Amino acid sequence: MQFTVERLPDYAEVNGVGKLNMVAAPKLREVVADVVAHGSNHVVVNMAGTDFMDSSGLGALIGCLKLARQAGGDLRIANVQPQVQMVLELTSMHRVLTPYQSVEAAFSNG
Amino acid sequence: MNRFLVRLVVVLTIILGINYVAWRWLDSLNWSAWWIAVPLVLAETYSLIDVCLFGVTVWRLKRRPEPPEPDPGATVDVFITTYNEPLDLVMETALAAQRIRFPHNTWILDDGARDELRGLAEEHGLGYLTRSADWADRPRHAKAGNLNNALMTTSGEFLLILDADQIPEPEILDRTLGYFRNPKVALVQTPQYFSNVPADDPLGSQAPLFYGPIQQGKDGWNAAFFCGSNAILRREALMQLGLAGYVREVDRGVRQALAGARRAVRQARRSPQASDPLVSALLDEVAEAAEQASRELKDGASLSEITYRVRRKVDAAVQTLVAADFSALEADLAEIAAMDLARGEGLEVPDELDSAVERMAKRDWSPLGALESVQAILDAVSVERSDEAQPIMPLATISVTEDMATAMRMHGMGWESVYHHEILAYGLAPEDVQTMLTQRLRWAQGTIQVLLRENPLVQPGLKPGQRLMYFATMWSYLSGFAAVVYIAAPIVYLTLGILPVSSLSFDFFIRFIPFMVVNQLLFAVIGRGVSTWRGQQYSLALFPTWIKACTTAARNVWFGRPLGFAVTPKARQSGAPGWSLIRPQLVAMVLLAVALVAGLGRLAAGMNEPIGTLVNVAWVVFDLVVMSVLIKAVRYKGFNPLERNADAIHR
């Protein structure tokens with residue numbers, strides 16, 4: 001999986017393209033830890049290019065959520081694809097990580 | 001051995017057992033000596049249930065054919081867990097793990113964070129992991145925590161878990177990975193076998209009955225247990241377990257936090273400062289936020305957003321209050337200064353000062369304090385689970401023996417497990433009584449903890465057979481209480497002449513003897529040559545350990561008291577033979593011997609009957625023979641490879 005990071009005034013956008021599985025999970029954690037360490041504690045993970053996610057990938061997202069929260073911010077996800085949405089609902093995890101329609105919408109309510 | 005014969009003996013055992021115990025309850029109790037009669041019949045009922053559960057276990061005994069070939073593309077991480085074991089022991093296992101034939105990555109999970117071990121691992125090209133910084137000042141959860149930590153930084157599809165002393169064979173993965181071709185299989189457990197145990201196994205270390213018929217029987221019910229080491233797990237199943245546990249914890253936590261927040265706000269309303277319009281408005285705001293959050297929670301709304309919003313509201317309120325408090329404090333100081341000036345002028349002044357001080361002191365229990373406590377509550381349970389090192393805990397942390405709880409949760413989620421009956425790793429057993437007792441105590445405590453925290457009979461998702469399989473193992477750890485009765489009853493008869501049975505007549509023998517015979521036959525048929533005698537001896541002889549496990553685990557689960565947990569040392573403990581370790585058993589043996597003499601004396605004096613004496617003498621002799629294993633155990637000087645019987649290697 002390829003990650004790119006874009007820092008915007010209100011939040012940082014992390015873009016993941018490919019499969020967010022057990023191989024990509026530790027890498028995602030590193031990328032977000034780095035983003036948070038550099039001062040952006042509001043993070044949006046743009047999942048438009050993530051066509052597959054397994055439990056390890058979801059576990060990594062939760063780990064990243066914790067990082068952002070502990071730094072006083074938050075992590076949100078946007079543009080989830082059908083398979084990812086299914087995994088979220090199967091585990092009831094959509095109640096913890098609610099998907100947003102777009103990156104812009106993620107932090108629009110503060 | 002054919003399945004029909006096993007089932008026949010099981011049915012006979014259960015029928016004859018019920019025949020005997022039902023008669024005991026209905027027609028044989030000596031009510032005039034109820035204080036021993038009732039405990040004895042309860043103990044016998046306990047044992048009957050134990051035997052029935054064993055019968056159910058072996059009913060579906062599963063002998064698996066040759067395992068399927070592994071998928072060549074499977075990726076595997078081999079985890080070697082260590083805490084304080086000697087480095088050469090860890091390295092021997094790690095290097096053997098490196099030589100496993102199927103492609104894999106080997107990792108040493110060093111909970112001791114020893115630099116020397118890190119160096120050795122690097123030198124040999126082995127992975128080396130220690131706890132991340134997140135674990136500082138948080139519950140470490142022993143081995144489960146160690147594995148959970150490693151799961152977050154590795155990526156193999158499958159995980160082979162090895163204790164530091166379990167030296168794997170090179171073919172271990174080739175023989176086991178094939179089972180995972182079935183996508184529902186989450187666990188493959190292989191036997192734990194110990195290479196440092198002499199043929200007569202004085203400490204009862206080998207568990208041929210468990211790593212054999214019992215696990216094969218559980219396998220038949222899709223309930224083969226995870227035993228902590230020598231097992232291969234599917235990462236996806238573990239992670240799913242972690243996620244499900246996380247959502248459950250968060251939901252429960254948020255519910256509790258919101259209830260706590262509302263309570264704290266109500267409390268704060270009663271404080272005198274709540275009359276201040278600013279304070280009152282802030283409290284209203286927070287109360288409204290908590291109220292709304294509870295409503296949203298019921299509707300299944302996003303937990304993270306709910307807690308985030310409430311937390312933000314409380315944070316803002318606290319900030320406002322702190323700012324306001326500073327000014328209030330300054331005002332108070334000015335007031336105090338003014339009072340100081342006025343001191344010389346009137347008698348009522350000291351009273352005024354007192355009340356000012358009191359007002360200030362009350363600030364500690366003020367709305368600010370209340371809101372700060374709300375913050376703390378929200379922190380402790382909010383979605384990031386800041387009380388734990390990592391939000392996702394794939395391996396269960398509810399018990400000191402993480403393995404059983406983890407396997408049970410996996411089965412509850414619909415995953416399948418496999419018991420592969422082939423020794424593929426060779427470990428080291430304790431070589432002294434103290435270490436052995438510590439280990440047994442830990443296993444028993446862990447098992448009872450799981451029983452009390454997640455009773456298999458009521459856990460959702462488990463099939464009836466699986467419930468019984470988990471319950472059977474837990475039930476067997478309650479044997480300590482029955483053992484005490486089995487030791488006390490013959491002593492009572494031989495010394496006092498009091499019989500718990502109304503008469504030792506033909507009625508007794510015609511029911512008891514057939515039951516005992518088929519019961520032993522059942523073990524003989526199932527055991528087929530493997531020695532189950534040691535296991536039977538220890539299950540009675542370690543009664544103080546089993547009782548201690550039950551009481552400490554119950555205190556731990558119900559009252560939050562510590563277990564007094566210790567890691568099992570792998571190296572032999574030095575020092576003199578530990579007779580004091582088995583003091584209760586020595587006392588019991590002396591009492592049994594005294595009872596023997598007393599009983600013969602009473603017989604000679606015509607005070608006891610011959611048949612009663614005969615039965616009870618035989619009973620006492622049986623108890624003594626069973627417990628004699630402990631004498632052997634305490635005198636055991638550790639393993640000497642030269643004495644090893646070659647037969648013991650290839651059972």
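Heads up, the Cβ atoms here are built off N, Cα and C, so glycines get one too.
Pulled from TrEMBL:
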type: TRANSMEM; residues: B:5-26; note: transmembrane segment
type: TRANSMEM; residues: B:32-56; note: transmembrane segment
type: TRANSMEM; residues: B:475-496; note: transmembrane segment
type: TRANSMEM; residues: B:508-527; note: transmembrane segment
type: TRANSMEM; residues: B:586-605; note: transmembrane segment
type: TRANSMEM; residues: B:611-634; note: transmembrane segment
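Under the criterion of 3 or more C-beta pairs below 8 Å, with sequence separation of 6 or more, the transmembrane segment (B:586-605) and the transmembrane segment (B:611-634) qualify as touching. The listed stretches are B:5-26, B:32-56, B:508-527, B:611-634; of these, B:32-56 has the most Cβ pairs under 8 Å to the transmembrane segment (B:475-496). Against the transmembrane segment (B:508-527), stretch B:5-26 shows more Cβ pairs under 8 Å than any other of B:5-26, B:32-56, B:611-634.
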